[in-house]
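These come from TrEMBL:
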- A:39, A:173, A:177: L-tyrosine binding site (BINDING)
- A:44-53: motif ''HIGH' region' (MOTIF)
- A:233-237: motif ''KMSKS' region' (MOTIF)
- A:236: ATP binding site (BINDING)
- A:337-410: domain 'Tyrosine--tRNA ligase SYY-like C-terminal' (DOMAIN)
RNA sequence: GGGGAAGUGUCCCGAGCGGCAAAGGGGGCGGACUGUAAAUCCGCUGGCUAAGCCUUCGUAGGUUCGAGUCCUACCUUCCCCA
């Protein structure tokens, strides 16, 4: 697979981004000849993307770095309908304002990776999907799709095999995505769609549609579906998603997520999520035993610096050092504020842990006490009836609450 | 349109003769061991003003001292026939 002529594919290949390409030689040729336009689609269902999308964002980043024109396509049109696959939850129809707000939040993170003033664009498929005329769409686009063929795609087949319902709307998702590709080709000369390997079928459908409707040659490039070495999905933790936006997940917590990478993933992640030269990566990956912790710190700092800036990354690293290697209650840990009056009256310790977000309920906090998992100012908590008072404040004027060895929150009286 | 099967702890899979806060996995969390890792072992995995109380088995009713379990209707899904 090596030996690409274009910088673009060579970088992606060397760094492990490539799972499958529809026509490697053809795409390589096109990318070597001059700038090409390529895109990746993203959901607009939340105000922030999470770490699971980071690999896609990095692909766009490299695309721009190697002289091409990346497009981040927001699924504003499809988000308006709502994803029907989770029908247990009262499915909220996102309003235009919701989506607008989400796009603003997402754009903020994106702008750390892409230069939107330069050759990168952020587009919204609502611009062309909302105005579609059903009959016209069926005649122009629908006739090119074979249901027989669509049923044979793994993404569909799996659902059918598991005897799960597949709504007509979901079934159409593939068609809309294919249409997006062709529309982008018409509007911006886009010839490449990238995505996770689970998107392969959808992307190829777009390529087919391009052949039929516009007689153009389009390309697909997918990245490996990202899991950690032990099989967990990227971007999820107990506390929820690893959000990219700082207001949803602090730089410190983001840093911690990467710091806790499994040994076996360090090299892979350094290549995928940082822009460090491969020679540096190789050097760090060669570290064995406990020394690999140094590599993990570099990983965490680099990934955080790219998203939140160098300064925030260093602050996070410093906080971590103080917390884990110094034993103190460093500044920079997540902090919650408690009215001083409330503290004066005495605050139940279980309640305090719930307020700090370290336990979802008093019951859970109680369980953790029983299991020896909670600490107050670094002392293991044994009495669940303990009450916090102004006397509980430590020398720095805060109460440090800990769950396990890794999660710490400071309680501050105001 | 007709006939059959199914929906369980709001993360998932999945047992459940009328006494059930409901077996067992997976996942997750905590502890031990380590290196803020993996693997392994142990504990926990509805809520609360907690020897008690409250809410849970698709939805709504009914039978019963008592219903996840039986009856009725409805919703959803799957299979077969038309």
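Glycine is no exception: its Cβ is also placed from the backbone N, Cα and C atoms.
Unlike curated entries, TrEMBL annotations are predicted automatically.
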Long-range Cβ list for residue A:173 (L-tyrosine binding site), cut-off under 8 Å, min separation 6+ in sequence, same chain only, gives A:78, A:202
I'd like to know which of the binding-site residues A:39, A:177 has the most other Cβ atoms within 10 Å of its Cβ. A:39
By DSSP, how many residues in the motif ''HIGH' region' (A:44-53) are helix, how many strand, and how many coil? 3 helix, 1 strand, 6 coil
Under a three-state reading of DSSP, tell me whether residue A:177 (L-tyrosine binding site) is helix, strand or coil. helix
May I have the DSSP-based helix, strand and coil counts for the residues of the domain 'Tyrosine--tRNA ligase SYY-like C-terminal' (A:337-410)? 25 helix, 21 strand, 28 coil
Averaged pLDDT, computed only over the residues in the motif ''HIGH' region' (A:44-53): 81
Name the secondary structure element type, per DSSP in three states, that contains residue A:39 (L-tyrosine binding site). strand
